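According to TrEMBL, the features are:
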- 2-427: domain 'Amino acid permease/ SLC12A' (DOMAIN)
- 75-94: transmembrane segment (TRANSMEM)
- 106-124: transmembrane segment (TRANSMEM)
- 161-182: transmembrane segment (TRANSMEM)
- 203-220: transmembrane segment (TRANSMEM)
- 240-265: transmembrane segment (TRANSMEM)
- 297-316: transmembrane segment (TRANSMEM)
- 336-353: transmembrane segment (TRANSMEM)
- 374-398: transmembrane segment (TRANSMEM)
- 404-424: transmembrane segment (TRANSMEM)
Amino acid sequence: MILAYVLVGTVVAANQVCMIETACLYPATSSYIAHSELFIDKALGFAWGIASTYNSLIPGELTAASVVVTYWTDLSPAIFITIFGVFMVATNIYKVKWYGEIEFFFGILKVLLCVGLILVGLIIDLGGVKGQHRLGFQYWRNPGPFAEKFTTGSLGRFLGFWKAVSSVVYAFGGVQGITMLAGETEYPRRAIYRAGKRLLSRVLILYYLMVFILSLIVPYNDPVIAHPNGTASGSPWVRAATLAGIKVLPHIINAVVLTSALSAANLGIVKGSRNLFALASKGQLPKIFLKVNRHKLPWVGVAFSSAFLPLAYMTVDKSAATVFSWFQNITSSELLISWIAIALNHIALHRALRKQGFTRNDLPYKFWIGKWTGPYSLFFSIIFLLTGGFSTFIHGYWAFSTLFSAYFIIPLTIVFYFFAKLVYKTKYIKPSEVKLRALFYDVQNRPEPPYKTLKRWEWLTVLWG
């Protein structure tokens with residue numbers, strides 16, 4: 001699991017660099033869709049938009065929230081799906097500032113939880129809990145660092161690692177959401193750069209530390225972890241707290257995880273409504289999606305996206321774990337599609353820069369590794385996408401639902417790309433035809449306050465600022 005997080009984390013970090021550099025030059029709502037239309041082909045932007053909207057309509061995070069609640073009560077998940085659904089709609093029909101304030105509060109809770117779990121995990125590992133012995137690296141020796149999956153031996157250990165990679169992709173969902181509202185933000189370039197750098201730091205510091213600590217305090221062959229029952233009690237951190245005899249911690253963990261799930265579900269409605277608005281503004285969807293309320297929010301898009309929330313009621317009739325697995329596969333595959341789009345946009349931007357005589361130094365914000373992040377993230381994102389449902393091709397593990405949920409996004413994107421090519425007669429945009437001069441003119445004539453470089457102890461604020 002550690003290696004899986006490290007590998008996927010480096011891909012996410014590279015992709016984040018691509019997104020920040022491109023979005024700081026051209027900040028726009030539903031940014032990577034707009035970037036594809038500017039740098040590559042309008043048909044490609046349309047296809048990305050449909051794929052992203054398709055994923056946004058799947059209430060995977062709402063399902064996750066209902067699963068978390070089962071830790072405390074045996075009441076029907078339908079009750080909580082309804083309550084959470086109403087809450088999500090309410091937060092998306094008022095001012096963007098309201099949505100931002102709620103997300104800021106949820107973000108603080110998540111950071112505090114991560115830091116708290118790291119500290120508690122260290123205490124558990126070092127034997128600081130009364131009645132518990134020091135664990136150290138005990139579980140790294142027995143049962144060992146690698147779990148076998150599907151078969152035995154080296155192949156089984158590799159397949160176990162790659163299965164973990166497929167699952168880890170889902171954990172990084174939402175990191176590209178910082179540019180989703182770029183067109184509705186004051187000083188968007190500075191805001192994107194600031195938020196992107198801080199989010200990247202959190203991912204690299206908190207995620208890696210949490211997974212490392214978790215590997216020390218819970219063995220991979222623990223029966224509750226190895227054979228989850230589809231409830232919140234199967235969470236590795238909840239299991240670690242239970243094994244250590246800390247009774248109150250599982251409740252705190254699940255409470256904050258619940259806010260995290262609701263936050264991610266909120267982002268789904270934001271993405272869906274903004275994508276619909278962006279596509280409609282270009283005449284690619286009915287103009288009704290351009291309607292906004294007095295707070296300038298696309299209420300028709302919000303209503304349309306919210307109309308699919310009842311899909312979460314599927315957990316009432318089927319195993320919540322099974323339904324969540326379907327939604328997880330769909331979300332992961334769309335995440336990878338968006339990472340591919342972001343990487344392609346970044347590569348296309350660099351080709352245009354070279355062709356038109358510009359350099360990376362002309363970009364308003366840049367990273368020293370930015371030159372190589374596009375090809376790196378593109379390569380691994382494609383590999384992850386093509387192998388996301390590999391388990392269904394192993395003898396004895398065939399499941400059409402797994403195949404469909406993992407790979408349907410690929411033909412969907414291809415079909416809508418060629419549909420747009422035929423209907424809208426779009427053409428591939430050559431590097432020499434990209435309107436870079438207009439973008440740089442906008443940067444020069446709409447200056448923003450400079451980003452304040454953090455010094456010394458101020459770097460600690462990346463965890464919560």
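Yeah, the Cβs are placed from backbone N, Cα and C, and that goes for glycine too.
Note: TrEMBL annotation is automatic and uncurated.
Counted over residue pairs 6 or more apart, the CB atoms of the transmembrane segment (106-124) and the transmembrane segment (203-220) come under 8 Å in at least three pairs, which marks the two as touching. Note on the transmembrane segment (404-424): residues 41-44, 46-48, 50-51, 54-55, 284, 325-327, 329-330, 332-334, 337, 385, 388-389, 392 of its chain, located 6 or more positions outside it, place their CB under 8 angstroms from a CB of the stretch. Ranked by number of Cβ pairs under 8 Å to the transmembrane segment (297-316), the listed stretches 75-94, 203-220, 374-398 are led by 75-94. Here the transmembrane segment (203-220) has Cβ contacts under 8 Å with residues 1-2, 5-6, 9, 12-13, 16, 111, 114-115, 117-118, 121-122, 124-125, 135-137, 139-140, 142-143, 145, 147, 171-172, 175, 226, 236-237, 239-240, 243-244, 462-463 of the same chain, all six or more residues outside its ends. Summarised as a single figure, the pLDDT of the domain 'Amino acid permease/ SLC12A' (2-427) averages 84.
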